[in-house]
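Please read the structure below before turning to the comments.
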Amino acid sequence: MTATKLHKKVILVGDGAVGSSYAFALVNQGIAQELGIIEIPQLFEKAVGDALDLSHALPFTSPKKIYAAKYEDCADADLVVITAGAPQKPGETRLDLVGKNLAINKSIVTQVVESGFNGIFLVAANPVDVLTYSTWKFSGFPKERVIGSGTSLDSARFRQALAEKLNVDARSVHAYIMGEHGDSEFAVWSHANIAGVNLEEFLKDEENVQEAELVELFEGVRDAAYTIINKKGATYYGIAVALARITKAILDDENAVLPLSVFQEGQYGVNNIFIGQPAIVGAHGIVRPVNIPLNDAEQQKMKASADELQAIIDEAWKNPEFQEASKN
């Protein structure tokens, strides 16, 4: 995709709670000129209904072609967004979903590639770091053109939690969650800042904020998905808007720095997996990772998170079906 392209096309694979919320976010924000929605055959009519429903919002936003799509419609798409997968149930971790969702991912990616698609993959199905890796393996695409939503939502949750604790606008909070999008993620406290002021320095004027409260704050961020799932069954609004933000950065060639699931080539001593860290993203995918200098404790947490993901991938790739389908 070139930065000057006027007609930008997105194909969404998966019209569940996350997918339909993402489609609504795209319409609301006027992102892309064409949106196709792919669903499994037995849910095709739902995609037709959602496309029709969304089209009725267009007079309030901006023109867009919206329709229930088939895999052949991916051929000239700029971006394919994968939200399809088995949902995370109460009591399940994201990593519990590996077996079910790898098989689904393989089927999706194979059909997208067979269409002649030559754009960028954006993966949001969980466990997202593992499924971003499998999308790369099954597609044979360059690593720069396979992106996972990574810790984009986690970092937003972190910023919002800090903003509420410190009574400032979340847009003035600059802080990242890195590592797995899941239980082994960690907060990069050493580089958190409020409008350029290091968090530790900022807290000197916040006498009522104790260190124990910050530990509790991070735990709330890390466990937010479980809290929401237990209360309403699924998380979808936050991740939908995160995906819309990533989509805009790609389609508008923003070269924005966002926390994404990015291929590792030695940064932080990690290799050959996708894991959450900030990266510059634009029209051609990942421009380059942004390697925040971690302190020793954070570095250890990054390595531990990567080791956990690597163990899951190694176990999954013992399956001959996945080995045979791998192109990278």
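Cβ atoms are placed via backbone N, Cα and C, with glycine included.
The C-beta environment of Ala125 (NAD(+) binding site), restricted to residues of the same chain at least 6 apart in sequence and closer than 8 Å, consists of Gly14, Ile82, Thr83, Ala84, Gly85, Asn101, Ile104, Asn105, Leu131. Annotated NAD(+) binding site per Swiss-Prot: Val18, Glu39, Lys46, Tyr71, Gly85, Ala86, Ser107, Ala124, Ala125, Asn126, Ser149, in sequence order, evidence recorded as sequence analysis.
Under the DSSP three-state reduction, Ala156 (substrate binding site) is assigned to helix. Positions annotated as substrate binding site by Swiss-Prot: Gln88, Arg94, Asn126, Pro127, Val128, Asp129, Asp154, Ser155, Ala156, Arg157, Thr235.
The beta-D-fructose 1,6-bisphosphate binding site annotation in Swiss-Prot covers Arg159, His174, and the record cites sequence analysis as its basis. Using a 10 Å Cβ-Cβ cutoff, Arg159 (beta-D-fructose 1,6-bisphosphate binding site) registers 21 neighbours.
His181 (active site, proton acceptor) falls within neither a helix nor a strand when secondary structure is assigned with DSSP, and so counts as coil. The active site, proton acceptor annotation in Swiss-Prot covers His181, and the record cites sequence analysis as its basis.
Around the Cβ of Tyr226 (phosphotyrosine), the same chain contributes Pro90, each under 8 angstroms and 6 or more positions distant in sequence. The phosphotyrosine annotation in Swiss-Prot covers Tyr226.
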The one of Gln88, Ser107, Asn126, Ser149 whose CB sees the fewest other CB atoms within 10 Å, among these binding-site residues: Ser107
Residue from Val128, Asp154, Arg159, His174 whose C-alpha is spatially nearest that of Val18 (NAD(+) binding site), among the binding-site residues: Val128
Distance check against Ser149 (NAD(+) binding site) for the binding-site residues Gln88, Ala156, Arg159, His174, keeping those with Cα within 10 Å: none
Taking residues Val18, Glu39, Lys46, Tyr71, Gly85, Ala86, Ser107, Ala124, Ala125, Asn126, Ser149, which bind NAD(+) in the record, the widest Cα spacing (Å, whole number): 25
Spatial neighbours, same chain, of Lys46 (NAD(+) binding site) - Cβ under 8 Å, 6+ residues apart: Asp15, Glu39
Number of other Cβ atoms within 10 Å of the Cβ of Ala156 (substrate binding site) across all protein chains: 21
